[in-house]
Amino acid sequence: MCCLSHSCVVCVSPEEERRVRANDREYNEKFQYASNCIVTSKYNVITFLPVNLFEQFQEVANTYFLFLLILQLIPQISSLSWFTTIVPLVLVLSITAVKDATDDYFRHKSDNQVNNRQSQVVIHGSLQKEKWMNVRVGDIIKLENNQFVAADLLLLSSSEPHSLCYIETAELDGETNMKVRQSLSVTAELGDPNSLASFDGEVVCEPPNNKLDRFCGLLCWRDCKYPLSNHNMLLRGCVLRNTETCYGLVIFAGPDTKLMQNSGRTKFKRTSIDRLMNTLVLWIFGFMVCMGVILAVGNAVWEREVGSLFQSYLAWDLPVDNFLFSAFLSFWSYVIILNTVVPISLYVSVEVIRLGHSYFINWDRKMFCPQCNTAAEARTTTLNEELGQVEYIFSDKTGTLTQNIMSFSKCSINGHFANHHLDDPEEEWEERLDFSSFNPLADPDFCYYDNGLLKSVKLGDLHSHEFFRLLSLCHTVMSEEKKEGELMYKAQSPDEGALVTAARNFGFVFRSRTPGTVTVTELGRPVTYTLLAILDFNNIRKRMSVIVRNPEGRIRLYCKGADTLLFERLHSSNNHLMNITTDHLNEYAGDGLRTLALAYRDLSEEQWEEWSERHRQADRATDCREDRLADIYEHIEQDMMLLGATAIEDKLQEGVPETIAILSLANIKIWVLTGDKQETAVNIGYSCKMLTGDMTEVFIISGNTVLSVREELRYSNYLYSSLYPSISLFLPLAIYLSIPPSIHLSLYSSLYSISGEFALVINGHSLAHALEADMEGEFVSTACVCRAVICCRVTPLQKALVVELIKKHKKAVTLAIGDGANDVSMIKTAHIGVGISGQEGIQAVLASDYSFSQFRFLQRLLLVHGRWSYLRMCRFLCYFFYKNFAFTMVHFWFGFFCGFSAQTVYDQYFITLYNIVYTSLPVLAMGIFDQDVPEQRSLEYPKLYEPGQLNLLFNKREFFICITQGIYTSVVLFFVPYAILSHGTQGTGEPLADYQTFAVTTATALVIVVSVQIALDTGYWTAINHFFVWGSVGSFFTIMLAMHSQTLFSIFPNQFHFVGSAQSTLVQPLVWLTIVLATVICIVPVLAFRFLKLDLKPQLSDTLVRQKTRKPAGRCMGGVRVGGVPEGRLGARGGFRRSGYAFAHQEGFGELITSGKNMRLSSLALANFASRHSSSWIDTLNPTPTAPLWFRHDYTIYTMDHMS
């Protein structure tokens, strides 16, 4: 049929549209469309060296040291040899290059893993295997069941009836329920490679974009145009389910696919310590320039007043001809000498420490999952200390918090409680029920333990039979039975699959269906029911019903849905049973289970005929059709009899509630961002203990307009500010809601300080308005007061926008964790991205900074590895700046005693080796191995994590304390030896006041003082620490004695000028007395200050270290009570009941079943049936509340072939 739709027009200008011709690569290549190759790597063999060096010299520090190297090559201004800078610079560049090359190698490896996946492409009438990266726009691809979709495809044909295709989109939108796609009827006949090879249709469509729920285009073929919509598309990242084969035409490939368009740009991530270090380095550089200016001015004054007296026999070196030019050269000389306040070895050491921390994460056996055979992996080495400063965690739900597995857990039948596990503590053991002896059609994987429920079924309890009969009839599941007794259910949602499987095991086995019948095996007896109507599920009704006629002719309506809505429609005689069932539902909700209430109603023939006629009239109405149908459904779903309730467990990953509780105690706020529906997300929130019945308020933001969202946000602000009179403005609500946004934010900025038990739930439509520029401030002020925030029905791009919003307004460290491609955008946006290597592919892992297989490992990553990394890095930086100021500032003081001549205090080899040999290894050992408390204490006392969030251990204040201590040490190290040695003599009576003796004494005192200082700073000693600390001291003496030996001087007389100095100096008792005195003067004040601080203002870690007996910390998890709250306001004061309703179902499958589109019927039956129904069923699969519902009423029982 040729048609041109007026409802779907390509809404782009001609130059912006995409044209794709099937099986014509030459034509499509004219447009230079992107290939299907994914490239996340940065370098190749040719570009690595120039590009990497260019990137490294964009770092200010590297450029600065290159500038210093150039200065050192000028003999007039350099008093140090060029190798003192070039050796560390080359070392830094080499280590960084190796690290970058290693990281890029793994990116190449990941890219190759994806790009080399095999796909089947139709080429010249035959199927040929091609790698994903070789697939081009316009190619026709064959997909098979359970395969990932390689690119964005236009579905051409399928092995299923009417070219239907079932897909799972969890990796795109987080929803686990299956969705249906259908090809155009005109291409449905193209089911083999030969016919597909001759297909030359041309698609004209919109350009690449990130809209997952929209596609607009036209197929031009055989002089006709056919409209295309999102229901004809298979997007990259989807998985083909319950469909043997299908064929698709590649429309968008590689970076143009909607999955990649939503993945966001890769951002260069820097830690807050990196940013602080950049600021501090600029300050230090300014400080160094100031010192250089002071010394240069001193040089000018000295040369004019004193130096001029020596001109007759000690003239200036060329080209110096006056004291001002001498001062100018002296300034640059001191810039070179004083540059060691920020030595290049700092950056080398930081990279080495981070690399060590990354290996600790990779090697942690407690983060290894034996079931998945997957270890934790640090995919970056630059963010480890940031793990110790996280304040906000943004988590996906499906596959991250949950396992994507639904199981039938508990049920209530006629007021009797049935449990998956035995709760009686007196029971010594639980034995899994064996259903095979009772029911040969039972699912062997089904697990249940309560034998009482099975006994009630065997003994013929009518209520139990009716309960499971309802579960076997009231659903939209399809059954596949290729061999007798081997059933496979194709469930549109995992909830329905779990319920139908439970009924199957308890003897009520759903076997097959036709558009007008449902066949069930009841306790071994086959029974065929006539399916009169399906009252389909939608998000407003929150229930679904079927009307069936049994073989005896009795008509009955079966209904399942949300208890809060279904209880309102029960017969008055059910009050007592409803109260008992309500108690059971409260318990189920408290356990975080997903609940449904079940009820039925008997209908007389007259009632059915009357209602059927009214329904036909409503269905034919041209105005307000949906409202009329809703009224008809409401009319028949009244005066029902309650059967009971079911409780489905959406299985959480192991340890999720405990992990969330511990992270909350560490003052980390957790937000759940999910594409799933509100009820499901809220239910998981209670299961995870993010939401509890003890919460003061749980607010729901669900407005569809800017005005309604603003009013709901302000109303939330008004309610919880009214709970705190100290900050409440006591304004009437009407006046409060009318306050302009700017005044509102200024008046209620104090809300940030509230610490209450609040939670916020907001859906995607409302979030879109809340993220607008004029409202984002109000949204942040509301959300950040809450302990938990759940955002439902959000797109991948919205997830990233929420993360960006918190980064912008709160200046807090954020962490995003997810397992699917729909989480890639927020993972890239957050400061830290964590990928769960779960069931939704590897895209999240590839985009992440860290990866592991279980959410529970997050607490160890943050509270142990993250806290330790932050602690170690802070201690490392404090000590590093201290030791280098102590080392460098001695030159400054010496300048006042050497005529400001830029003479160095130390031997040039000591200057070169100080930071790369004598003091590098001890500080590296501390930075890699140090601990304040054992790992178990870190988990038991989550409050230990807070110093990192508050940035207490290394900040500007701590930096100034460190450099002050360093300057104080330099004063002692210069003036104590200077004062003693200037008047000291050797045992022979010869004076000790010579330059070389002073240099050796000062250098020795410096090494000993900084070694003692790091021994005091080290909180956790290992054999490596001892070896490095005392070994460095030993290496100093060994190397110094070798450098000052006669042997080296005889070989290199122009390089070693301190011949014999060490040997003659270190044998003098006065020298050692000077060294000891300088050490005591430097260290004693530090010890006194630390003892006073420990007694007067101890930190929690200090208290724990001093405890002699281990006191286990209460994790405050076992006593958390999850109560219920009213339906309208999920959480509230007073402990009201909360509905545990959640049903991951999609509207439209009722019409799909009754239309027969998804069934393989006998040709006669299908011909008779198809003539009676509309072909517009596919439009109702769009999950909007206004989509039309469909009924089927027919008394004929059709024959049915086995479905494949």
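Every residue, even glycine, has its Cβ placed from backbone N, Cα and C.
Residues or ranges marked as active site, 4-aspartylphosphate intermediate by TrEMBL: ASP396. Here TrEMBL flags ASP396, THR398, ASP819, ASP823 as Mg(2+) binding site. The domain 'P-type ATPase C-terminal' annotation in TrEMBL covers 845-1098. Positions annotated as transmembrane segment by TrEMBL: 80-98, 280-302, 322-348, 876-897, 909-929, 959-980, 995-1016, 1028-1049, 1069-1092.
With respect to their backbone Cα atoms, ASP823 (Mg(2+) binding site) and the residue listed as 'active site, 4-aspartylphosphate intermediate' stand 7 Å from each other. Counting other CB atoms no more than 10 Å from each candidate's CB, the recorded positions ASP396, ASP819, ASP823 peak at ASP823. Here the transmembrane segment (959-980) sits against the transmembrane segment (876-897); at least 3 CB pairs are under 8 Å, leaving out pairs fewer than 6 apart in sequence. Counting only same-chain residues 6+ beyond the ends of the transmembrane segment (1028-1049), those with a CB under 8 A from a CB of the stretch are 907, 909-910, 913, 917-922, 924-925, 1000, 1003-1004, 1007-1008, 1011, 1014-1015, 1018, 1055-1056, 1058-1063, 1066. Under 8 Å from some Cβ of the transmembrane segment (909-929) lie the Cβ atoms of residues 80-81, 83-84, 87-88, 91, 340, 343, 345, 349, 352-353, 356-357, 872-873, 875-876, 879-880, 883-884, 887, 999, 1003, 1007, 1010-1011, 1014, 1017-1018, 1020, 1022, 1024-1025, 1028-1029, 1031-1032, 1035-1036, 1039-1040, 1043, 1056, all in the same chain and six or more residues away from its ends. Within its own chain, the transmembrane segment (1069-1092) is flanked in space by residues 965, 968-969, 972-973, 976-977, 980-981, 984-985, 992, 997, 1000-1001, 1004-1005, 1008-1009, 1012-1013, 1016, which lie at least six positions past its ends and keep a Cβ under 8 Å from the stretch. Confidence in the domain 'P-type ATPase C-terminal' (845-1098), given as mean pLDDT, stands at 90. Around the Cβ of THR398 (Mg(2+) binding site), 30 further Cβ atoms fall within 10 Å across all displayed protein chains. ASP396 (active site, 4-aspartylphosphate intermediate) sits 8 Å from ASP819 (Mg(2+) binding site), counting Cα to Cα.
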